[in-house]
Amino acid sequence: MERILLCFIVATLVAISMANPRPISIDPPCWTCYYRDSSGNCAFDAIACGGARKRVPKPISIDPPCRTCYYRDSSGNCVYDAFGCGGARKRVPKPISIDPPCRTCYYRDSSGNCVYDAFGCGGARKRVPKPISIDPPCRFCYHRDGSGNCVYDAYGCGAVRK
């Protein structure tokens, strides 16, 4: 019984192959990722060739590509893309302010004045900067007295106290 079934399957396969013989082709086979189109030319098959790992060639564009952090808008101009440029590591440019920034340990209050911030100034290890003085510093061996004048200081300049 098995022999009869096996002979029947073989006879069926032979009959099918005889009914649809392969045409004899004069053209050589196409390369990998190519197929023969209706005109007989080898054409690239981007969809069936290698799946996602195969890169499809980009279409040729008349416009050159935009620089990093820029994209081409609908009118064809390169426009800066602040949000899509490098993620969180990329700093967005700060808005231009008319007021200059406050010094260290100071902050700008609601009226626009720089106010000293004792609590937010780095703790005990942070030295508070000295206030800016209009008077220039005194020369070596001199110090500024209570009236703001530079006075010679003999003891602060290597003299021996009695």
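In case you wondered, yes, glycine gets a Cβ from its N, Cα and C as well.
Now, the feature entries from Swiss-Prot:
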| type | residues | note |
| --- | --- | --- |
| DISULFID | C30-C42 | disulfide bond |
| DISULFID | C33-C49 | disulfide bond |
| DISULFID | C66-C78 | disulfide bond |
| DISULFID | C69-C85 | disulfide bond |
| DISULFID | C102-C114 | disulfide bond |
| DISULFID | C105-C121 | disulfide bond |
| DISULFID | C138-C150 | disulfide bond |
| DISULFID | C141-C157 | disulfide bond |
| SIGNAL | 1-19 | signal peptide |
Inset, instruction - Tell me the Cβ neighbour count for C157 (disulfide bond), meaning other Cβ atoms within 10 Å of its Cβ, over all protein chains shown. - result: 11
Inset, instruction - Provide, as an integer number of angstrom, the distance between the C-alpha atoms of C114 (disulfide bond) and C66 (disulfide bond). - result: 42
Inset, instruction - Only counting partners 6 or more residues apart, tell me which same-chain residues put their Cβ under 8 Å from the Cβ of C150 (disulfide bond). - result: C138, R139, Y142, H143, R144
Legend entry - Distance [Cα-Cα, Å, rounded] between C66 (disulfide bond) and C85 (disulfide bond): 13
Inset, instruction - Compare the Cα of C85 (disulfide bond) against each of the disulfide-bonded residues C42, C78, C102, C105 and report the nearest. - result: C78
Legend entry - In the chain carrying C141 (disulfide bond), residues 6 or more apart in sequence that have Cβ under 8 angstroms from it: Y152, D153, A154, G156, C157
Inset, instruction - Could you tally the C-beta atoms, other than its own, that fall within 10 angstroms of the C-beta of C49 (disulfide bond)? - result: 14
Legend entry - Entry from the disulfide-bonded residues list C69, C121 having the most other CB atoms no farther than 10 A: C121
Legend entry - C105 (disulfide bond) versus C30 (disulfide bond) - Cα distance in angstrom: 74
Legend entry - DSSP three-state assignment for C157 (disulfide bond): helix
Inset, instruction - Sort C141 (disulfide bond) into helix, strand or coil using the DSSP assignment. - result: coil
Inset, instruction - State the Cα to Cα distance, in Å, between C102 (disulfide bond) and C121 (disulfide bond), rounded to an integer. - result: 13
Inset, instruction - Could you find out if DSSP has C150 (disulfide bond) as helix, strand or coil? - result: strand
Legend entry - Inter-residue Cα distance where the pair is C49 (disulfide bond) and C121 (disulfide bond), in Å: 63
